[in-house]
Amino acid sequence: MASASQKTTPCAHHGASAPPPPKLLSAVESVLRPVDSIADTAKKPANKGISVTPRSETKHPLDPLSAAEISVAVATVRAAGANPEVRDSMRFIEVASVEPEKHVVALADAYFFPPFQPSLLPRTKAGPVIPMKLPPRRARLVVYNKTSNETSVWIVELSSVHAVTRGGHHRGRVVSSQVIPDVQPPMDAEEYAECEAIVKDFPPFIEAMKRRGIDDMDLVMVDPWCVGYHSEADAPSRRLAKPLIYCRTDSDCPMENGYARPVEGIYVLVDMQNMVVIEFEDRKFVPLPPPDPLRNYTPGESRGGVDRSDVKPLEIIQPEGPSFRVRGYFVEWQKWNFRIGFTPREGLVIHSVAYVDGSRGRRPVAHRLSFVEMVVPYGDPNEPHYRKNAFDAGEDGLGKNAHSLKKGCDCLGSIKYFDAHFTNFTGGVETIENCVCLHEEDHGILWKHQDWRTGLAEVRRSRRLTVSFFCTVANYEYGFYWHFYQDGKIEAEVKLTGILSLGALQPGETRKYGTTIAPGLYAPVHQHFFIARMDMSVDCKPGEAYNQVVEVNVKVDEPGENNIHNNAFYAEEKLLRSEAEATRDCDPFSARHWIVSNLYLTRSRINILTTVNMFCQVRNTRTVNRTGQLTGYKLVPGSNCLPLARPEAKFLRRAAFLKHNLWVTRYAPDEKFPGGEFPNQNPRAGEGLATWVKQNRSLEESDVVLWYVFGITHVPRLEDWPVMPVEHIGFTLMPHGFFNCSPAVDVPPNPACELDAKDSEESATGRAISHATSKRTTTSDLRLATCDQSQVACYATAKRTITCDLRSVAGRMSQVARHMEKAFRWEINNFSENKSVMKSDRFSSGGCEWYLCVYPKGKIVDDHLSLFLNVVNFRKLLPGWRRQASFSFVVLNQSGKVLHRTVEKGRLFCAEAPSWGNSKILPLTKLQEDGFLENNKLTIEVNIKVTKVADEGKSTENEIVVVHGFHVLNSQVVSVSNMFVKHPDVAVDIRSDIREVKTAYMNILLGLVQTLDKPPQSLSETELSNADSELSVLTDAGFKLDWLKSKLEEVSLKRKEPSSHLKVELDKEKIESTTAAPAPRVSPFECIDVLIKKFFLACFAGH
């Protein structure tokens, strides 16, 4: 835990962060305790019986439940059963953590971001009081009583471990329990397996299969499907399933595609509570489809072919490891950070998404992102297909059906996996290893531009961080992905694959409701709908409510005086003020999208308003937007559709949320699932979103939740058989005025691109110089003396631009050369006589000085020779100095025989970690063997390659310093100090004592001084107008700025005077002409052409 004296990183939302109040700090430290680890309080008595534990051992309240916590929760509920019969009849559908209220999350975030940051606490209006300590974690259990057919919800408080015995024990406490009437919880895999067994043992079913030529019940597949709700017969008073039947072919294929032979004409209804077949009919004899020779998808002859042989290996290699960092479930990558969660129903959940925006600090984007439901309705009105309308999350569970992912198959590169824990039907804990995959992906070009005048190009590769999981629900597979991009985008993507759900055809029969796949087989048309729930928090901390939603439509201007060329179109915004108004649909004809923007701008106590022509430009020191617009994120739809079923369709009673693509609600903690919590056999029409929005709550300046419904209409193709190639669908959250410019401009070039450029550098440079010298031109040929004023200005601008560009190119070339590999050789005589650490001479490599340390008696381990590479004078390094370097050691004897060679390692060297090496180079016993060392001489070689200069360490601009009562960045100290030396009374009358306000004013003042120090001719009218407005604001705040007012007037006058400095510049460029004839006029482009050649020569002459 950071002490109160530690410095914190500045945040533009709050200026420089203040140390935490001691009472708050001690309260947080004393309450957070580990849940999984055993603390023996008897050995170390703590104050008031509470032990203080390190942050690394503490669970964040948003972390998923551990296996131990699930066991505690289940045991606690079982123990609360009224009698043994009740306890034995309990079946556990779901156990998940209870996510705390948002102000509790805010406190946890403030604690878990070291050092403790009270600036992360919310700015509450009339909301709950921020707690002084974190409450215990809680679990929520959905329990089905198999005897009484009742569903109950339990809340269990999980306490820390108490060491009353050697092994310790967990303790839980039932906070509440409630029986939910008239509902059925999701089905469980154990129920599916038991249902399949009792159907296959049912004598009438066995006879019906024999009628179709099947005697071996091991070939039969029974897929139980929930009955949905089509009539009162499907009421939740009974737990029902209507299975679909398939039959495998008797073959040797280990993964025979059983879905290739659907069995139709048989109707089965199963009572899942008592596990009995309660209705059975062999309604119609439909022959089994003949075995399709193309039905299988596994390698081998059974698939009808062999694998192609022309696929060469493609390896994803990250020699220095990934760019992301993971602490528990907290992820940091490329200025993004978030927490990973997982639930049995939703699967992957992304919590607390934020972007670290330089000096502005950590800027929240979303509080919670997840896929909360998916519905798959089929379009064939015939039995059994009309009742295929699965709610795969609410009736089954996406998380419970997740895969254990395999490296090289599901994910590539440097991967971090997360396991998932959940309860099975009987209350045991099961773990899906490698359930969630976190990795980086190359994503093509991020941005590129080539200057056609100079031929110089800049290009950046795009990289994205992907978090994903895959699940199987019966025949289909779904991959759910969240992609985070370097330009601030978040992309949600679903990948659909798996096997089509087929129907059987009579000989010669065709159906218009599907596609014939093979003789006797057809695939019905259907739709896949997914619902993403996005609890947004754009520039709002947890618990704040300062967002609004705006719909943007692009419209075509009507013909008339304002559109005489008939080309005009514009974007029109509409504020969605209420929930009823915010039920919207996609409109590709108007490029419709929606923006969630932050409203705190207009409520801040630090607002500075300038009104011009009825438009209000808002400047806010918390959220910087240089145009004065509200910061926001926009939801950009991808391909989409709406249900094609008629509004009266029975499945739409439970899926009324599919009727619109977008719903927006005011946040309520119990509104989590669009079809209600228990959609299985739900008789209540419109439960969930359609009911919630009838409250028509206001969405202005509120905590908003977006529910985006997106779908795909699947008209099957032959190419989708036997296994469907992945189909992609999704949407994008894109920054809209959230940043002042592209956040991706600081992405560095790809090192591989720079090295390729270096390989051809010599030939390219030679060609450039040859071309330039072959047409060597003197300044007299330019004949600039007769250029008019506009041409002179164009020439000066071109010269400055080209010089800057070429110096940048030369700098990068120099940097590439600086990072080339460097070897150092160190010969040690009389090696065995040295007992203590030996240090080599210093040597240079990659723009850095190094030395080697040899420990003849070992370091860390005492039975091996140890060898380390060190940075020289690391204590004198400036904060921020970083070098990423790869290195390897070679140990030789006098004859040059290699005694040991280490593998190349990549390490980050910095002031905090200036030394890296290997503590086990060679066993000391080996060195003492006769003849191993010749003449007692040891030679060590080190090869170093500096691969990345992470930070030059030339400044410590993130450090906060107090200068004359103002908290400023270290990089601003000189400017502020000089100002007070020249004008000691500049701030004596300032009217605010609030630290953040004073910091904001000082930033404005420094910017104003910098603007007025520019050459007057380079200033625009807008800059002068803004300077005048800023000067007025600062004067009103109490600053004494007469000297700056005089400076502004002086600059304004000089700007109006004719410029003479350009003429002087041109005179310096003149070379005496050998002819006195009048010089003809030339174009600016001729000037630029010659400048390009001249500066290419000047740039490359030194390299």
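Heads up, the Cβ atoms here are built off N, Cα and C, so glycines get one too.
The model shown is predicted, which means the values in this text are computed figures rather than measured ones.
The annotation region 'Disordered' is assigned in TrEMBL to 1-24, 42-61. If you look up TrEMBL, you'll see ASP392 marked as active site, proton acceptor. Per TrEMBL, active site, schiff-base intermediate with substrate is recorded for TYR476. Feature annotation from TrEMBL assigns 2',4',5'-topaquinone to TYR476. TrEMBL lists 821-944 with the feature domain 'MATH'.
If you take every residue in the domain 'MATH' (821-944) and average the pLDDT, you get 82. ASP392 (active site, proton acceptor) sits 10 Å from the residue listed as 'active site, schiff-base intermediate with substrate', taking the Cα positions as reference.
Residue counts for the domain 'MATH' (821-944) under DSSP (helix as H, G, I; strand as E, B; rest coil) come to 10 helix, 65 strand, 49 coil. In the three-state DSSP reading, the residue listed as 'active site, proton acceptor' counts as helix. Close to TYR476 (active site, schiff-base intermediate with substrate) in the fold, though at least 6 residues off in sequence, lie VAL376, LEU496, THR497, GLY498, ILE499, SER501, each with a CB less than 8 Å from its CB. Around the Cβ of the residue listed as 'active site, proton acceptor', 21 further Cβ atoms fall within 10 Å across all displayed protein chains.
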